[in-house]
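Colleague: My structure is below; once you've seen it, I'll send some questions.
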Amino acid sequence: MSSGDMLCSRDEGDGIRNGAIPVLMRCPECTVGSHCSKCLLDFYTGLCDAYGSKVDPAFVTTLVTRWPQVVMSLRSPLDSSLMPVLQTVGEAPFVQGLYIGTHLSRGWRGEGNWIGRALQIPCPSLASSLKKLDLQRLGIDGHGARQLAEGVVQLKVLKDLILSHNYLGYENGQESVLRIVEEGPKTLRYLDISFNAIGYMNIRRIIAAVESRNKALTDGMEMNAEQQESMSKSGEEKRELQPFSPHSCCHCRVNFDGNFVVEEIWNALTHGFGMVLVVPGLIDLMVLTADDPYRCKIAVVAYMMSCSLLFAVSTLFHAFFMLDLTSRIFQVLDHSSIFVLIAGSYTPFCVLLFGDDPNGSWVMTAEWALAGVGITAHIIAVHFPKIRHAPLYVYGELFLYVLMGWMALAVYDTFFTATPVHIRYLITGGGVTYMAGLPFYILDNIKCVPILHCVWHLFVLVAAIIHFCAVRESVIYFNNQHSASLLGLSL
């Protein structure tokens, strides 16, 4: 006897009656508004038989244990593989989260479009119970997104929607995202559309729609509060007003990382070019310092290695922007390499120009000590997002960059007397170039205009070239001074 034959039917019109398609029974163990695990399991396996789908062991475990989260272990490019799950979840109000997405490989473009069709199945119970829907890495493009939006707008209590690592930037998928924001549930609090290649202009449209939605909710809740207060003063019984109330509406937060493909390519190319320039620059300086003391060679190598680290890490960080974990690791290295570059830039000047002056040793020690503090603070902050994104930390890190960059002002007299005019101009010019690019870096972080980060990269590249010229001139100046002193001793 098949599971479909074992299942009792509901009243006429209360379920599906179509040949081998089963309907849900109610046994003595079932309660009002809720079915027991055995009935739900029989219903699910009967649907799998009817649709020709495999039974998902993870979903079976969910039904038996009445776990509130469904994590799919079977994925197939067939509507029928998801339909039994959705129809069963619709009869299981204890299920609040549906995880169809995967954290492993990313689906091919269009491979997951069938999910949107399956979610369009009318299911009032599912619409009033599902709070989280995870569809990441399934290969959903614009065609699937349009069908997905049809289903999502029916989910009345949905709070979290995860669509990361799909292909929403293709086939006008951004229009479906806009529809979800504008027409979707007012309970939506988190929308993850990261790594979808949507593009800057479309992301701006989505952000504007989210801000408009949040403002409308805020205005509605303020109006609600005023009406409640008015009723309280007039002696009327308080009641929750709809549709706007603090309990039923949420401000939505959007994760749109990894959508600026063109800008990230330019970011990688600009600092990739800097990495290429490091190689001949290092060879040139090593030739110039061939006969110099080891401390001079070490100082020059430290400078070139700091440049190499910055450009290499920055290039890899922006090149791997679509790989979430890899990108996060390189982001830590990227911020750390800035501290290393500043300290590394000071090292050859302190050794070659300041000579035995104690101020040179003091500045170099302070630079590397502050670099260590900055790197340590950043590594710690990465593990505490609230600290990492706090304005105090963000601007504190910028202040530390600037403080290290202009440390020479603390020993200005020594710097002025020990440095030839043309080298002093080059050092100052490089520092001013860095500072001129800093507003673009800040604006990119505040306004989220990714092309400004590329402009910042160009300023960094130009400033690094200017400082390289300053280091090269410092080596030549040191060699001339050293030769003159040796000539004086020989005479």
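From the backbone N, Cα and C atoms, a Cβ is placed for every residue, glycine too.
Please treat TrEMBL annotations as automatic predictions, because they have not gone through curation.
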Colleague: Same Zn(2+) site as His453, His457 according to TrEMBL: which of His251, His318, His335, His378?
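Modeller: As annotated by TrEMBL, His453, His457 share the Zn(2+) site with His318, chosen from His251, His318, His335, His378.
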Colleague: Out of 265-288, 300-323, 335-354, 390-411, 449-471, which stretch touches the transmembrane segment (366-384) the most, going by CB pairs under 8 Å?
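Modeller: Selected stretch: 335-354, with the most Cβ pairs under 8 Å.
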Colleague: Please identify the stretch among 265-288, 300-323, 335-354, 390-411, 449-471 with the greatest number of Cβ pairs below 8 Å relative to the transmembrane segment (423-443).
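Modeller: Most contacts with the transmembrane segment (423-443): 449-471.
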Colleague: Determine which residues of this chain, when His318, His453, His457 are set aside, have a Cβ within 8 Å of the centroid of the Zn(2+) site's Cβ atoms, and list them as they appear in the sequence.
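Modeller: Surrounding the site, in chain order, are Glu263, Glu264, Trp266, Asn267, Ala268, Thr270, His271, Ser314, Cys454, Trp456.
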Colleague: Under a three-state reading of DSSP, tell me whether His318 (Zn(2+) binding site) is helix, strand or coil.
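Modeller: Note: His318 (Zn(2+) binding site) is helical by DSSP.
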Colleague: Within 10 Å of the Cβ of His318 (Zn(2+) binding site), how many other Cβ atoms can be counted across all chains shown?
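Modeller: For His318 (Zn(2+) binding site), the count of other Cβ atoms within 10 Å is 26.
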Colleague: Quick check on the binding-site residues His453, His457: which one has the highest count of other Cβ atoms within 10 Å of its Cβ?
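Modeller: Its Cβ has the most other Cβ atoms within 10 Å: His457.
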